[in-house]
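Data block below; observations after.
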């Protein structure tokens, strides 16, 4: 390596690492420390040990439902939405007509802002005025899609999938472009049908994308926030950990110590996935 | 007083939106012409308008088009009168609220819009608001109740009240006339009327609580009617036991009208609920005066209301829930003298007249404000509030915002979803209240 | 599960077969299902609020008008806020993709001893819930001074620089991760050959690897642009001047303190969604450009 190479590497890597450490990891560490305090953002910070954590596990009634909803969310995205996104990407990767129309239609929900997603949920799922009850002919016995705490989380997961499928499709589509066509051709010549070709040839070469999609699915599930927040601020059956954190520290309520403790719990769950991923990479590098 | 002849309003009511959009055209024209150099200056301009004493900055949460035009009209009147310049920084209403504490610590404007009650006191206590007792001494036209609502825990004034909007039980006069309903005075009459409406095929009491706050109004009223204003405020301050018989009584009383309340409120926005009133499917609706915005302007004359009924005669109807919006001066104000001068103007009737002319959904706080152009609802509101011994500010303003947001909203929604679980709900509120109020 | 092998290159100009029709039927059905809610929103934005409030959203129209689009554009002053959003999102996306692709390149192509820890640092950083860093970040930004020529607030708080910086820092993690995985699919021999020809690190990155990553960069560019453009959290907590806010928060200006004309809001939201659509269509060509890339390999 020449000294110019060393300079290029250290400057560009240095900037990236500096930003990451100063703006992401430093503040994260600070929040971990704050989680052991009571602070409203204004008065002096008061250390209170693990009291926030006790309060979360013992008296905060929203915590366990929220944690449960996050796991349910993960299962739904992972088992329903992600496979659907893959299927659609594979179908769209064929040389078919109208593919740009199909791609655009599926990707559209991804680009929509929060405001319109909230409005659409109201349009479709409103008990009294929404389209779904009209289409199903439930005018006389309307289903309370958004207000029934046993039902609304499922409605929201379907709505979240509406966007998630688009993400997954786009990533797989980019990945599929990198799959060697000649491999597929030779498999076809060997008499493999399309499904066999997919599982024997295409899917294994998609491994890097699979990891990406897996990570995205996990992130989306653990950090799911906006869709629920815009529908009813994440209450009444729609509690999620990220919403609880937001309510406690970002909103007007400034229970920063308490909210930080919630964030740390969410962080630790994320960390679980980070460790799994990390061990994967290390294994990969050993090979 | 429920029989007040509301139809004789001298001015055509204009609370509905579309008719007032015309006002905006002029005011947004100037702002529409944005050039690229001007844009970059916004990101890299000089050190703002704090240089001269001629400019006061004003942080406004009056963000929706009509509201914004009203605020601009009011501030223009100040500019014309004083020859000074007001730099308005408008942030969307909800975002302003979410951000308030960061805003006040960061780079706040000299004067900012805010709410009376605990929410005002909180920032006064934390030293983020400037004491304006000196100019308050010169104010006239505010009732003692309004002064109290502007006063912090240290007995100094921090707030200038601007307008209020009372809460009551709303109905359509045409529906009531057709069926011969009379406004109820007592709880029993209220329930009897609701029962009659039900048998007439109406939804007696419409309710939408998807956003969590509208049902708080019902809680506040039942508590104040049953246990009195003082208990209510003390409860809101975290000083009472939520598991005690008094609070339990509130929920039991509430339970006794749930059979007449529109079902599945947690999935319905207040606008959808108010709609059932507009469409003559519902008989009554407990909400703030802003419910009028859901009506078409030409139907607004048909809207009327009665004060929340008496539950315990000892308390009568002595308390009115009427949230007050107004202004404060930030502690970090760069132009304190200018800020106070602007506050003096905002505390006068002229500022309110200019505002309400554009946005007549509220009622001016100042006694000398021009009431001649009020519509029937506004006139009635004046009567309602001036006769009240106590003015409460609404739950999310009378208690800590974190308690209201993270504890009470979920608790009330849970109650509406499953009214038979009151004991568990109250135990949980009490436990959480202890952690939150202990943080003080 | 739907079709037999027909899509192999060289066979694709055949007449449509039942399987292909079935495929189209399936895709068309899914696409329409995906579009239906949006179509409903556009439909509602063309109808007066009082009409949908009376009849419900799923009803035949009495009036159809573009009035709401005009008033959303005018009342929310969208022009101004559009430019604000671009001031944040364009530098944000460019910087993110640049830094991330270089880091990914360094990790996968240069034999760095600390390559793996670096990858872990960035990826793990992106997995964090953003809310965890809000408060310390605010306290930090409040204390970092900037010259008046860079920010009229004189601090990183309430300046575009701060918002861009956090977007770049946060999103670099995700992009490093995606690009590193993508670059692994590019045969090692390609950079090796460039190195033998005497190309330095920069040339290997800029001339060899980056062009090969076009499909991935296009996909990421689209996603990152939509994320940064639609973001409201960072602008909300790190800015306080209304006139500097991005367009997402300007949309909130169409909400009243209590009353919101949802049909007006829908019209505004449709307008706001247009730029991200444009980006998607512009970059869709790049996805398709990836086709030739795939076949030239091997």
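Don't overthink the numbers, they just go from 1 along the chain as shown.
Using the three backbone atoms N, Cα and C, a Cβ is placed for every residue, glycine included.
Taking TrEMBL as the reference, the stretch among A:153-174, A:175-196 described by the feature transmembrane segment is residues A:153-174. Looking at the stretches A:38-59, A:104-125, the one that TrEMBL records under the feature transmembrane segment is A:104-125. The transmembrane segment (A:71-92) shares more Cβ pairs under 8 Å with A:153-174 than with any other stretch in the list A:104-125, A:153-174, A:209-231, A:256-278. Residues 69, 72-73, 76-77, 80-82, 84-86, 88-90, 92-93, 103, 106-110, 112, 117, 121, 125, 145-146, 206, 209, 212-213, 216-217, 220, 224, 227-228, 231, 237-238 of the same chain lie 6 or more positions beyond the ends of the transmembrane segment (A:153-174) yet place their CB under 8 Å from a CB of it.
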